[in-house]
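Below is one structure, written out as structure tokens, with a few remarks after it.
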Amino acid sequence: MALHDENVVWHSHPVTVQQRELHHCHRGVVLWFTGLSGSGKSTVAGALEEALHKLGVSTYLLDGDNVRHGLCSDLGFSDADRKENIRRVGEVANLMVEAGLVVLTAFISPHRAERQMVRERVGEGRFIEVFVDTPLAICEARDPKGLYKKARAGELRNFTGIDSVYEAPESAEIHLNGEQLVTNLVQQLLDLLRQNDIIRS
């Protein structure tokens, strides 16, 4: 859609975000997990979603690999495609936040500008940047998908951390040590959500 198309207008609906949040008994936010491949983003996000589900929190997890099977299946890994990938995910996450959900996203999202773009789209107070900080050597040793091995062999180009830059967050809402136990990291995230009055259980 062209931004200047005067025939396309925004429709307001009678049920508000606040009413949806009252229905869910918690606030709608996005927790944006970022870090290198193999840092533990998806693992921690999945464990957190499981913990939140047990507490009765309405959640949805958007995973970097999964969205490329559908929503972003037409995109590659050029800088332009990566930016569009994050833009689309940001729009979907924003809709889910407006539905009153706690949205968890697990994406490398290597560039600060793109993460800032999503933050501005979702809005301050509803965007929580989660930096899963795991040393490259540890990520490479884990290499669950064998991607680092391929990148080192020259079989995979533009791989973040090897021949493509990762811009670490400078002021994430929470900075996790990716070498700690997953259970410890989940507890840190639950504590943050409670301290910020996002969940009450």
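Cβ from N, Cα, C; glycine included.
According to Swiss-Prot, the protein carries these features:
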{"type": "ACT_SITE", "residues": "SER109", "note": "active site, phosphoserine intermediate"}
{"type": "BINDING", "residues": "GLY35, LEU36, SER37, GLY38, SER39, GLY40, LYS41, SER42", "note": "ATP binding site"}
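Features as recorded by Swiss-Prot, highlighted on the structure.
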| residue | record | CB count, 10 Å |
| --- | --- | --- |
| GLY35 | ATP binding site | 28 |
| LEU36 | ATP binding site | 26 |
| SER37 | ATP binding site | 25 |
| GLY38 | ATP binding site | 24 |
| SER39 | ATP binding site | 27 |
| GLY40 | ATP binding site | 26 |
| LYS41 | ATP binding site | 28 |
| SER42 | ATP binding site | 22 |
| SER109 | active site, phosphoserine intermediate | 28 |
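The secondary structure of GLY40 (ATP binding site), as reduced to three states from DSSP, is coil rather than helix or strand. Reported as a whole number, the C-alpha separation between GLY40 (ATP binding site) and SER109 (active site, phosphoserine intermediate) equals 14 Å. The two recorded residues SER37 (ATP binding site) and the residue listed as 'active site, phosphoserine intermediate' have their Cα atoms spaced 10 Å from each other. Put simply, SER109 (active site, phosphoserine intermediate) is 11 Å from LYS41 (ATP binding site) when counted between their Cα atoms.
Residue pair LEU36 (ATP binding site) / the residue listed as 'active site, phosphoserine intermediate' shows a Cα separation of 9 Å. The two recorded residues, GLY35 (ATP binding site) and the residue listed as 'active site, phosphoserine intermediate', have Cα atoms 8 Å apart. Apart from the site residues GLY35, LEU36, SER37, GLY38, SER39, GLY40, LYS41, SER42, the chain places the Cβ of ALA106, ILE108, VAL132, THR134, CYS139, GLY178 no farther than 8 Å from the centroid of the site's Cβ atoms, the recorded ATP location. Between the alpha carbons (Cα) of SER109 (active site, phosphoserine intermediate) and SER39 (ATP binding site) lies a span of roughly 13 Å.
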